[in-house]
Amino acid sequence: MASSSLSPATQLGSSRSALMAMSSGLFVKPTKMNHQMVRKEKIGLRISCQASSIPADRVPDMEKRKTLNLLLLGALSLPTGYMLVPYATFFVPPGTGGGGGGTPAKDALGNDVVAAEWLKTHGPGDRTLTQGLKGDPTYLVVENDKTLATYGINAVCTHLGCVVPWNKAENKFLCPCHGSQYNAQGRVVRGPAPLSLALAHADIDEAGKVLFVPWVETDFRTGDAPWWS
């Protein structure tokens, strides 16, 4: 009986075929979906690594940020508020007029100005703001003989309406907005302001309080009719 046997070449070919079949069974063809999944996994891994690498003390605290913002805002507003304090009182609604047709002068606290008390704390040459006619800031003037002048000087610049401070060193009213200047009586001596500061009568009533009364007569500084009447 003849036995059948395979030649070495045939056996080698069969082994190669078997290995190729096994390899093809294990090999998975890459698809678009597989690429997307791998990419997402890599991105997620990178983000996770970055987030976990930030120290806890470097993470912004929202409450701290709010507090710092408020402190910064307060710091910025302080200088402006401080500069406005001397003039803020004079932008409140004006008080009612006096019984004699005048308007009581009010100090920075809103109290009536009593002439005798005022002169105790304001010396010769003093010019201090009070609230006058229609609520306008108005300077009370102390004469060299330690008496109150019979006129008050409206502090509103005739250029664009800024409140004009008194400069004692230069003995002038100097407007900080555009450089207008007025002498000690409020007469304009340098533009761009076109006119002198307005006047008001400063009278003293029976109770010793200072009253401002509208000035309708000739302006004694210029000899002209009052432009503000």
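Each residue, glycine too, has its Cβ placed from N, Cα and C.
The feature transit peptide is assigned by Swiss-Prot to 1-50. For 68-90, the entry in Swiss-Prot reads transmembrane segment, with the evidence type sequence analysis. The domain 'Rieske' annotation in Swiss-Prot covers 115-211. According to Swiss-Prot, the feature [2Fe-2S] cluster binding site maps to Cys157, His159, Cys175, His178. If you look up Swiss-Prot, you'll see Ser196 marked as phosphoserine.
Every protein chain considered, the tally of other Cβ atoms within 10 Å of the Cβ of His178 ([2Fe-2S] cluster binding site) stands at 12. On its own chain, Cys157 ([2Fe-2S] cluster binding site) has Val163, Val164, Cys175, Cys177, Ser180, Ala193, Leu197 as residues at least 6 apart in sequence with a Cβ closer than 8 Å to its own Cβ.
Listed in sequence order, the residues Thr158, Leu160, Cys162, Val164, Cys177, Gly179, Ser180, Pro192, Ala193 complete the 8 Å Cβ shell around the [2Fe-2S] cluster site centroid, once Cys157, His159, Cys175, His178 themselves are left out.
Mean pLDDT for the domain 'Rieske' (115-211) in the predicted structure: 97. Sequence-distant neighbours of Ser196 (phosphoserine) (same chain, 6+ apart, CB under 8 A from its CB) are Thr158, Tyr182, Gly186, Arg187, Val188, Asp219, Arg221, Thr222.
The DSSP breakdown of the domain 'Rieske' (115-211), given as helix, strand and coil counts, is 10 helix, 39 strand, 48 coil. For His159 ([2Fe-2S] cluster binding site), the same-chain residues that are 6 or more apart in sequence and have a Cβ closer than 8 Å to its Cβ are Cys175, Cys177, His178, Ser180, Gly191, Pro192, Ala193, Pro194. Neighbour density for Cys175 ([2Fe-2S] cluster binding site): within 10 A of its CB lie 23 other CB atoms from the protein chains shown.
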